[in-house]
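J.: The structure that follows is given in the form of structure tokens.
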Amino acid sequence: MNTDSAVMPRPAMAGNETYDDALESGGGFEIDFRVLWLIFRRNLWIIGGIVAAALALGLVATMLMTPRYTASASVQIDQAADQVLGTEDELQPPASYQDADRFLQTQVDVFKSRAMAERVAQALGLFKGEAFFEKMALAVPDPDPAIARDTQLRDAVIDAILENLSVSLPRDSRVATISFASADPALAARITNTYMAEFIKNNLQRKFNSTSYARNFLSQQLNEAKARLEQSERDLNDYARQVGLIKTDQANPDGSTTTGSASVTTASLAQLNQATNQATANRIAAEEKWRSIEQTPLLSIPDVLANKAVQDLLNQRAQATAALSQERAKHLEAYPTVQQLQAQLDEIKAQVTAIATGIKQSIHQQYESARLQENALQAQVNELKGATLTEQDRSVRYNILAREADTNRTLYDGLLQRYKEVSAAAGITASNVSVVDEASVPTEPSSPKLALNLALALLAGLAVAGAVVFVREQLDDAIRAPEDVEHKLGLPVLGAIPVSGSDDLREELALPRSAMAEAYNSLRTALLYSTPEGMPPVLFVTSSEAAEGKSTTSYALAQGLAKLGKRVVLIDIDLRRPAQHRAFGLSNDEGMSDLLTSHREVNSVIRTTDIDNLSFIPAGPIPPSPTELLGSARLVAVLDELRRTFDVIVLDGPPVLGLADAPLIASVVGNVIFVVEAARGHRGATKTALRRLRTGHAHLLGAVLTKFDPRKTSSGYAYYGYNYYQYGNDDR
């Protein structure tokens, strides 16, 4: 017999810790896609029906829609137009990169304005009659007594144009796309192209109007500036004539001259200052030269040594001196030749002295002349300073008037130049908008798009189906699959018992290779690992309500353990509705109730069965107060005595809800196997039962899901172990 677990059990939780607590403490939220798949399979018909209905609605709606055609054109919008004269800058938008996006968005807003739509409608004659509404497949608006009919139709046409117009301008691009949708493809193309033409015309008209306004404004400002200039120049001349100021050109440090910026007195003083400065420099140089030679020997003066005549005389003196020395060596002083040479030498010395003295006196005369000239010029400067100070007092008012005249002249010249430029540019207006692609008549409708509409219908259907399934799953708290036990109850799954087609479950359990027998074998194996010590010696089997399979589970578990060679006793401890004795074909005349109400020997109520190693204790006669018996110390004593005789004690107990019996038994036994019937047990009632058991400090080993049909939750393989239950059955 195969005892391998088809569904591996989760580790048992210590104390009253739930499986949800273990998940939360273990680390976070995880999506169980297998659970999602089970939900999808369980609601497949609902999802399919809603999606099919949505697709059908999408198909019908698409077939009933009026085909619409979209014509598109593109224009390039530059921030500044091409400059013809180079003077159109003042009419163009600012060239700042920060304002580029704002400028382009402004142009798009102009495209979408009601004024532009009105220009297009006026150009195409769309305000005449109701033909436009027929071509657009639109209903003609009903008459409104409060509004004139022409005004009402006019507004309706403009609204229809704006509703079907789209203007897109991609980021980092200056090419805008203009599109218009209509039931008439030719009308869509005409309106799109007219939009571009009218936008360019409107752009040029705005520029021309701006130029005309600028020209008129400059003309007015120019006349006012001219009048101010003439008046300021008259005031300047009148004041100069009144105070006797005569202005001359003044030389600037850079060599240029400023006309009329200096008076005659000021100019004369400037010239005298310049001459005085030069005379002072000459005097200083002459004085320095004289002081350097005043006490110097004549023949040490540089100018004397540099004189050509002195140089010749010095040469002659040297020759005469040499000749005299030779003659003196030969003759006495009285010798005529010696006397003649001496007289010649004295003459040469006298000539040198005379010339040197004259040169020195000449240097002294130059110094005296420079000093006298400096004094004379300085006297003239001092004389003109007084006159200049008096004249400067009168020039303060003159300078103010002169600056005012200069300012008016500069302003007038600038306005005159600007007026000439604007006048020249008035007849040459360049547009910053150019056509890139014109709209052609579309041949294929742009809407409705069957594929797109069906895709949207599919998404809508899936969304509605998802919402319906979500609500349905939230309202449906039934326990259908082992995953529901874990996620809804927080209990580990010890085993899942498949639904049986046999009327006698015990006959099917007798078949070693049946699916039910294999499932209970897996349950038995799971119990071996449910606690660190192995198989618990005492097991209490209960459920929320009656008829969920707890008695069958108790019987199958007891006989399976007995077949493994363990000494097992199965106790029917449901003292209100006992049924386990019928499975063994035994009477219920005496049993557990007798042990709890008296001090009879335990062995007196133990029955042997046809299964080796398996004993049975019936429930016995139904007592008047089962709760008092189960809460007595006698139950503990009976179980202690049985544990000395048997390896495993299995108690088939009453249901939990509505009675106090099960929580009392659980508080004594401790180890509880909780049975849940698939598709019958509900989360609310089941969790209430579990809460009552935990209140009695029961140790919940796990849950057993009975009457489980995998085909109702998946394709038959969602719970993988059940195919293995059938493995080899075809060979029997």
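Here the Cβ of each residue, glycine as well, is placed from N, Cα and C on the backbone.
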J.: Could you check which of 75-102, 215-242, 383-410 is flagged in TrEMBL as coiled coil?
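T.: Checking TrEMBL against the ranges 75-102, 215-242, 383-410, the coiled coil one is 215-242.
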J.: Go through the chain and flag residues at least 6 beyond the ends of the coiled coil (215-242) whose CB is under 8 A from any CB in it; none is fine as an answer.
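T.: Contacts of the coiled coil (215-242) (Cβ under 8 Å, skipping residues fewer than 6 from its ends): 397-398, 401-402, 404-405, 408-409, 411-412, 415-416, 418-419, 422-423, 426.
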J.: Within the domain 'AAA' (549-662), how many residues are helix, strand or coil going by DSSP?
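T.: Tallying H, G and I as helix, E and B as strand, the rest coil: 46 helix, 16 strand, 52 coil.
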